[in-house]
């Protein structure tokens, strides 16, 4: 209402000014001269021109956008304020060229800027609305073409006038329109991508990636344009204060685009290398709705180390922001190597039936001691040699076994030897440990280590993992060494058990060291010292292990880690029992 | 095919219309734009907000569900966890990642697993049990802690106001 009133008023006043001039001079030329000579009349005409510009803007808006949404309006007003402030700053730099023409050029620039912003917002809106009408397409295409032509025309004009007349305010316009052209181009690319996407029946997974790269390239162009503009302005005029804010914004935008692209690449790489594709069985087994997009997962889905399954594309866009599992928030980068998961299950599934048999066969025949209540599975190890070992009931601390080779363990007849090297073997345990516990316990908490695959049994992929200098390769090698160490420890346990049994049935012991000795304590000493030496030799491995242990402490809640912790506490308990 | 954010919002809208949780109504303000929702939340029973119907707006980011929506009550609500301008301060509405202040663990924050329904249910429980430890409206938190009678009086007033009485 107020705008209508003001517009009407300005028309009335203009009419009055012109009418007055014509009334006084009666002729066209004298009245024109009269108006241009009179300051109030000119002021009135300038205001009228301004009103015309606004009316024109409204008309254009009606033609190209229809009704503006509140968010668009808000956006527009906010940006306009900044633009007006910057224009005023620019006036101070070019106060020498100040003229009505100059003001008019700036007004046109501002006017076109507004339309660029609106076009940008409108194209973004495409993604939000389920209904995109034909009218929308028509408007978008004509608007983008029109704005593109205008931008090019003004850039061209600025370029030639700078060539002919030397550096002037046209420099600013040239750069401004070049920037606007990049904005427009971005909107155009988005429009094309959205339209293509809308035509597709299936979701288009790579759209986000294309958008990221377009943003990166255009961000780079913008930054280069602004830097060039800064340089030229400093050389020709003075420091362009008015360009600082947009320049900072474009720098920040570029940095963000770069970051996004890097994160996206990393996510894609992890996706391709680290996480296995979910098999149809796995998808059928559970709820096969992707929790990110709430749609069915029929194909293209990945399984994380925590066994949660998502769409590949959904995961990619999430990992671009954060490297955790959306469901359980497990840090997927810190997780144990997932290649292990498909590799280890076969030997494991075979082992449980074997494991309980051996100790039972061994000990049930020899030692007829009654089982200690509460710890029935564990006592066979203790019975033969350490019948005198007191069972202290102190609570276990999971950290005790984390000090390899500390030598504080009292050397009892059995049992202490592998505890020194145990922690290195622990992270090797895959997340399937909990169900194995009943079977593991007959060994006094240290389960028979899983036999690692033999070198000739390595797949090409695993071998490739061990080559090279990168962290992943080094980790793969360390893992391999750990597997070997684990196997050695297992062998030590077996020898130990053989010895304890043998000592009772007066069969000659297996001598672990070169010197002949028959008592088991020395053997265990040797065993532990040799394993200690080993851990010294591979000290980087041990260090790495500690890091790993530290890292693992962040993984509370993850399946693999709980298994590890439970294993650990259990181990601690068995240790205290032994000492 | 429409964008994934739009598809997910449409799916959630469908879900909310088919099985609406008790005391909550929510949906897009305008079916042409699924990124602006309006919600009506009933004051939970046996609390000082019982009987009230509180309107709120939800604004979804273009990359929803990777980032959380913003929620704002459009009515006056005197509550420790609602800013005086109506914005809601609950941890699941905070962008993912670790809190720079170290106040909330990342486990409490937004993740794509959350949904509009979960947000609204958390808001209902927030209405029932204000958390005066992290106050968005310090006055309200102070009144809640020190002068419960007065808090309930103000709440009763807002309830009446929300019903237009």
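Note: Cβ is positioned from N, Cα and C throughout, glycine not excepted.
The feature transmembrane segment, as given by TrEMBL for the ranges A:6-30, A:131-155, sits at A:131-155. Note on TrEMBL: of A:167-188, A:233-254, the range annotated with the feature transmembrane segment is A:167-188. Between the listed ranges A:84-101, A:102-119, A:264-281, TrEMBL ties the annotation transmembrane segment to A:102-119. Within its own chain, the transmembrane segment (A:167-188) is flanked in space by residues 90, 94, 97, 102, 105, 109, 112-113, 116, 119-120, 123, 144, 147-148, 151-152, 154-155, 157-159, 161, 214-215, 218, 221-222, 225-226, 228-229, 232-233, 236-237, 240, 246, 250, which lie at least six positions past its ends and keep a Cβ under 8 Å from the stretch.
Outside the transmembrane segment (A:43-60) by six or more residues, the chain places 6-7, 10-11, 13-14, 17, 35, 100, 104, 107, 111, 114-115 with a CB less than 8 A from a CB of the stretch.
Within the same chain, residues 49-50, 53, 56-57, 60-61, 64-65, 68, 72, 75-76, 79-80, 83-84, 87, 90-91, 94, 140, 143-144, 147, 150-151, 154, 169, 173, 176-177, 180, 183-184, 187 sit at least 6 positions outside the transmembrane segment (A:102-119) and bring their C-beta atoms closer than 8 Å to a C-beta of that stretch.
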